[in-house]
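Engineer: Take this structure first; my questions come after.
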Amino acid sequence: MREEIDRNIGRRIRELRTARRQPVNHVAAYLGVTPQQILKYETGQNRASASTIYLLAILFGTTVEAFFSSWTMVSNDNTQYGGPTYPANPREIVNPSTQHQPLPQ
């Protein structure tokens, strides 16, 4: 599950970087890392730390939440908010293609 989370964050990093037309070498210089490290974040091969995500949010002119915007929280009583994604209990996996629940009113 951690690897899937890392890949999703990496995809969002790439989406935000390309949407803002930021070259990999510019982002790398801003963070003080190599361009290869940025590519590893984007593929989920390496984890981006909380401070890295914070700095990327500043660079991209967005919020930290933007890196998690396509995800949904599921409470401990399995009440789901938004579209399906990660449950509160990491042992339970919600399959977005098979589990659809209406939003609470």
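Each residue, glycine too, has its Cβ placed from N, Cα and C.
TrEMBL: automatically predicted annotations, no manual curation.
In case it's useful when we look at the structure, here is the feature table from TrEMBL:
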{"type": "DOMAIN", "residues": "13-67", "note": "domain 'HTH cro/C1-type'"}
{"type": "TRANSMEM", "residues": "53-74", "note": "transmembrane segment"}
{"type": "REGION", "residues": "82-105", "note": "region 'Disordered'"}
{"type": "COMPBIAS", "residues": "95-105", "note": "compositional bias 'Polar residues'"}
Engineer: For the domain 'HTH cro/C1-type' (13-67), how many residues does DSSP put in helix, in strand and in coil?
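Structural biologist: Going through the domain 'HTH cro/C1-type' (13-67) residue by residue, I get 39 helix, 0 strand, 16 coil.
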Engineer: What mean pLDDT does the predicted model reach across the domain 'HTH cro/C1-type' (13-67)?
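Structural biologist: Overall, the domain 'HTH cro/C1-type' (13-67) comes to a mean pLDDT of 95.
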